[in-house]
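Since the structure comes first, as structure tokens, the remarks are kept for the end.
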Amino acid sequence: MNSEEILKWKEAGKLARNALNFGKTLIQNRASMLDVTESIENFVIEKNGELAFPTNLAVNNVGAHWTPSTKSKEIFHTGDVVKLDVGVHIEGYIGDNALTVEIGSDKYSKMIEASREALNTAIEIASPGVNVGIIGQAVQDTIEGYGYRPIANLTGHGIKRYNLHSGVSIPSIRERGGSVLKSGDVVAIEPFVTDGAGRVGGKRNSNIYHLRQVRKIRDEKATKLMMEIQDRYHGLPFAERWLHSIQDDATKSLQKLIRSGVVSYYPILDELGKGIVTQSEHTIMITSSGVEVLTA
Ligand code: MN
Ligand code: MN
């Protein structure tokens with residue numbers, strides 16, 4: 001990787017962190033989830049970044065994957081445990097980071113700390129030549145040390161330019177036969193912690209979509225939307241909210257694209273034991289001597 005590329009990874013990481021910290025201050029009792037999300041996304045755009053994926057808000061038993069739609073009326077409440085996950089890209093170089101806030105109470109502060117400490121431990125261990133299974137082991141040990149469970153089927157992931165989930169995955173549990181980190185790898189590490197079953201799943205629509213394929217469809221407006229989605233998002237996830245600036249009545253075209261298999265939605269991932277979930281995430285770069293935290 002050349003020094004120009006490294007600078008862009010760093011720039012994206014920095015903006016992702018600033019947007020996350022800004023967003024954290026907005027998450028308050030009675031605040032509208034749609035307003036908070038739009039404020040964070042406008043913050044990124046005003047600073048000449050782009051969204052690598054729709055800003056995710058996952059509240060209480062939701063582990064991951066939800067963003068408000070244009071019509072969302074949800075507000076935050078005191079006691080909510082909120083995972084805020086923000087992704088920024090600059091020319092395709094992505095910074096992905098997340099934190100957890102509990103609004104106006106501290107019933108789950110230890111669980112929040114557990115995810116943060118598990119992330120710190122993972123970053124301490126990560127360096128070239130390290131098997132990701134070793135990281136998973138350390139993450140699991142840290143979380144269990146707090147008396148909680150890691151979520152086994154949510155993992156960290158390699159990141160490449162315009163590719164949010166590339167190749168390597170970083171488990172939060174002990175695992176054999178994983179890949180080995182090497183210098184130049186960019187990876188997001190994101191331990192999820194719960195007092196529930198330790199697994200997530202579900203089918204509900206998260207309002208987060210991705211383009212599966214580009215193909216010939218008969219509807220002209222839907223075709224136009226499909227091409228715009230391809231041009232603007234480069235295969236990265238997108239929100240229903242974003243489409244209304246492209247086309248009037250974008251909802252109708254979106255429905256057509258879903259029906260014809262061009263676009264799919266990501267499901268909301270609920271904790272399967274109805275546990276509370278916390279998360280911490282950084283994007284890091286593996287260097288010749290160790291790591292650099294890009295979203296610091
Ligand atoms: Mn993330
Ligand atoms: Mn991630």
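Including glycine, each Cβ sits where the backbone N, Cα and C put it.
Taken from TrEMBL, the feature domain 'Peptidase M24' applies to 10-198. Annotation source TrEMBL lists substrate binding site at His65, His165. According to TrEMBL, the feature divalent metal cation 1 binding site maps to Asp85, Asp96, Glu281. For Asp96, His157, Glu190, Glu281, the entry in TrEMBL reads divalent metal cation 2 binding site.
DSSP assigns His165 (substrate binding site) to a strand in the three-state reduction. A 10 Å radius around the C-alpha of His165 (substrate binding site) takes in none of the binding-site residues listed as Asp85, Asp96, Glu190, Glu281. Counting only same-chain residues at least 6 apart in sequence, those with a Cβ under 8 Å from the Cβ of Asp96 (divalent metal cation 1 binding site) are Ala16, Ala52, Phe53, Asp85, Val86, Gly87, Ile159, Leu164, Ala188, Glu190, Glu281, Thr283, Thr295. In sequence order, Asn56, Ala58, Ser206, Ile208, Tyr266, Pro267, Ile268, Leu269 are the residues near His65 (substrate binding site), counting only same-chain partners six or more apart with C-beta under 8 A. Among the binding-site residues listed (His65, Asp85, Asp96, His165, Glu190), Asp96, Glu190 have a CB atom closer than 6 Å to some atom of ligand 2, in sequence order. Shown in sequence order, Asn56, Val86, Gly87, Asn97, Ala98, Ala188, Glu190, Gln279, Thr283 are the same-chain residues outside Asp85, Asp96, Glu281 whose Cβ sits within 8 Å of the Cβ centre of the divalent metal cation 1 site. Not one of the binding-site residues His65, His157, His165 has a CB under 6 Å from ligand 1. Annotation note: His65 (substrate binding site) sits in a coil segment as assigned by DSSP. Counting only same-chain residues six or more apart in sequence, the Cβ atoms lying under 8 angstroms from the Cβ of His157 (divalent metal cation 2 binding site) belong to Leu164, His165, Ser166, Val168, Ser169, Ile170, Val187, Ala188. Mean per-residue pLDDT, taken over the domain 'Peptidase M24' (10-198), amounts to 97.
The most densely surrounded of the binding-site residues Asp85, Glu190, Glu281, judged by C-beta neighbours within 10 angstroms, is Glu190. His165 (substrate binding site) is surrounded by 15 other CB atoms, counting those within 10 A of its CB over all protein chains shown.
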